[in-house]
Amino acid sequence: MKITIIGSGAWGSTLAQVLTDNNNQVLLYDINLSYVEKINQGKHPIFNAPLVNVKAVSCLKQALDYSDLIVLSVPMKFMRHLLKQIALMLTTPKSFVNVSKGIEPLTFLRVSEIVKQVIPAPLLANFASLMGPSHAEEVILRKLTLLTAASSNPAFALEIQKLFSCPNYLKVYTSSDLVGNEICSAFKNVLAFINGILVAKNFGINSQAALMSRGILEMSVLVTFYQGNPQTVLGLPGLGDLIVTAFSKYSRNFNAGAKIAAGITYQQIIDSSLQTIEGFQTLNAFYQLQLKHNLDLPIIQASYQLIFESKPFETVFATLMQRPFKSEF
């Protein structure tokens, strides 16, 4: 099967390997000419690893015309602009699979909602998300990984499950809760920030366990608000992705939290990072959402104060500890 991947960063290029391992034909698109050149030379553009039987182009129209299945692997801040470009170029219906994590600031929309808003209905065949605990650094080495394909169309979820599952190292489950999967995958980045701060400040495992437990509760509040299934919080895109993002040395968001603890501002982190750190934009979006709808999300509030307002950790921590006594649930 022919498949187009939009965005040849760490994850997009790694998924190209997954698909070619399953004997599919993959064409990557990127505006980064250096990435395109490396891929066409048989090299992964980010990691020191081969990437064979994959081609790349810098022409979006050529990439879109290549296949009827489009994988979206671009940072959230570029998603709407990219989709507007795609909408202008489509002449036949396409199916989309999103692998980017986050929600859009100001609108609070998920990727599936942006796609439906921008791509004309006659040209949108199907949509699914592919999420879960999946550091590209491990998948490129073909280490065991589990993901979830979520779609409101069960048949399409099954199609994506079969397409991306590799018997030796990658297994995909299906879900009908597209909403929950998208929200969980976005929210876990916020908890990774805070865990990075806790570790950098030598807090113990007790505090990290407390953060994860109360954080999962806030995750379920958001999933319920968006009318998703709270059970999804316990799945791969929820608890699974949270563990990977909040505790791994590969996690950009965890490492960003450690830098925040060292006194580096979020803008300095963004300016010095070679790869996108989605959590900053996601945190801002969730903070504005909870203000607008009066949601009780104390970890979101504390995270925003630490990262965007540069409040002292001791002050923010004291505020959290002084919240009124209450039942756990």
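Placed from the backbone N, Cα and C atoms, the Cβ positions cover glycine too.
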Of the candidates Glu37, Glu159, Glu278, the one that Swiss-Prot places in the NADPH site of Trp11, Lys101, Ala136, Arg252 = Glu278
Which of Lys55, Lys61, Lys188 does Swiss-Prot put in the same sn-glycerol 3-phosphate site as Lys101, Gly132, Ser134, Asp241, Ser251, Arg252, Asn253?
-> Lys188
Excluding Trp11, Lys101, Ala136, Arg252, Glu278, please set out which residues of the same chain place their CB within 8 Å of the center of the CB atoms of the NADPH site, keeping sequence order.
-> Ala10, Ser100, Gln275, Thr276
Can you figure out which of Trp11, Lys101, Arg252, Glu278 (the binding-site residues) comes closest in space to Gly132 (sn-glycerol 3-phosphate binding site), comparing Cα atoms?
-> Lys101
Binding-site residues clustered about Asn253 (sn-glycerol 3-phosphate binding site) [Cα within 10 Å; pool: Trp11, Lys101, Ala136, Glu278] = Glu278
Quick one: largest C-alpha distance among Trp11, Lys101, Ala136, Arg252, Glu278, binding NADPH per the record, in angstrom?
-> 15
Whose Cβ, among the binding-site residues Asp241, Glu278, has more other Cβ atoms within 10 Å than any of the rest?
-> Asp241
